[in-house]
């Protein structure tokens, strides 16, 4: 963790239902004299806490564990390459969720870009965010994949925000992709790539400097049944549930399930193979592909390259090793994709990281609890979970929605379920497919 004294001179400001990063004096928001209880210390919970703190709320964050290099939480194991929805690991099927996710992803892109361009290494404290060229490859022309062609055309419509757009089969040869991999088409864009260890500990540090209270504790049981007790115990006005897979229990959401993933960490110092500075990915395709068709090769930082990936739904065990057959095949796919990777040496510290992406049947849920309390009054629980493999890509957009939902509670508006925001989608040149 960071030891030096630090007063953040940056803050998140809501503008037209989105968040923007502003640099200058600390947040000018007047104190709300309301405490918000955030349950969950991952990227969704911590980003929500940041947005709340900068709007003048007092915030208490409860988590069983926090980001740590020796005992990593799920957010630290993420691939953490920004992607326009749906992400390479697939499993995004709900139209309402996908529409919201596109808005959330674009908001997050802007804030991550602002972190890089406005903050740099603030006072020598690295946030771990970089802008990298990300290349996506396909084994057919995009015209043969209507879903991918639509996605590319949507991305092109967002070229005022997403930079570095290029589509060309020449990218296959440029990156020395093995012809045996069978790639026929490719495009690239500039994307935020996050060193999750650095970023998550930076987030914790910044939240601490902004005045958050941290409570290390595991909450058990459905939140609705103990909402009033928790709010009373922590003297809180409302509660944000950012508990990932634990929402299965805490939200009583039986559709929540894990999608097991894993990444291999190898040295990327240029000694055993040409140093890679760009991301290379092949999307997992649920319609045309197999269960093991995903390639994910991303520089984690200047010295480490991560290799992935796997998508194993409903697999709860974290018992993989580098010698497990599915991991050996994952490594072989990456080796076969870019010649030279077979010579890569494992990271001295950690060879393999594995985790459970928190998915749910209808994908992402960012909405108020629609069930009433025992006394018939409206709940003050706001849910933000089910981001799956896109926690970082959606983080700031979801936090903006959490703020909006809290304002609804303050205005005594009744809760409603998520719906397609057609006006906002049209304004951003986005589509719900």
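In case you wondered, yes, glycine gets a Cβ from its N, Cα and C as well.
Any TrEMBL annotation is an automated prediction that lacks curation.
Predicted, not measured: the structure shown is a model, and the values here were computed from it.
Copied over from TrEMBL, here are the features:
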- 74, 75, 243: FAD binding site (BINDING)
- 357, 389: D-dopa binding site (BINDING)
- 35-400: domain 'FAD dependent oxidoreductase' (DOMAIN)
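Everything TrEMBL records as a feature, shown here on the structure.
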| residue | record | DSSP (3 states) |
| --- | --- | --- |
| 74 | FAD binding site | helix |
| 243 | FAD binding site | coil |
| 357 | D-dopa binding site | strand |
| 389 | D-dopa binding site | helix |
Euclidean distance between Cα atoms of residue 75 (FAD binding site) and residue 357 (D-dopa binding site), Å: 9
Whole-number Å value for how far residue 74 (FAD binding site) lies from residue 389 (D-dopa binding site) (Cα to Cα): 10
CB contacts for residue 357 (D-dopa binding site) [other CB atoms within 10 A, all chains]: 28
Longest CA-CA distance among 74, 75, 243, per record bound to FAD, angstrom: 11
Position of peak Cβ density within 10 Å, selected from the binding-site residues 74, 75: 75
Cβ contacts of residue 243 (FAD binding site) (under 8 Å, same chain, 6 or more positions away): 39, 40, 45, 219, 250, 251, 385
Residues close to FAD site centre defined by 74, 75, 243, Cβ within 8 Å: 40, 41, 42, 43, 44, 45, 73, 242, 244, 245, 358, 391
Integer average pLDDT (0 to 100) for the domain 'FAD dependent oxidoreductase' (35-400): 94
Neighbour tally for residue 389 (D-dopa binding site), based on other Cβ positions within 10 Å of its Cβ: 27
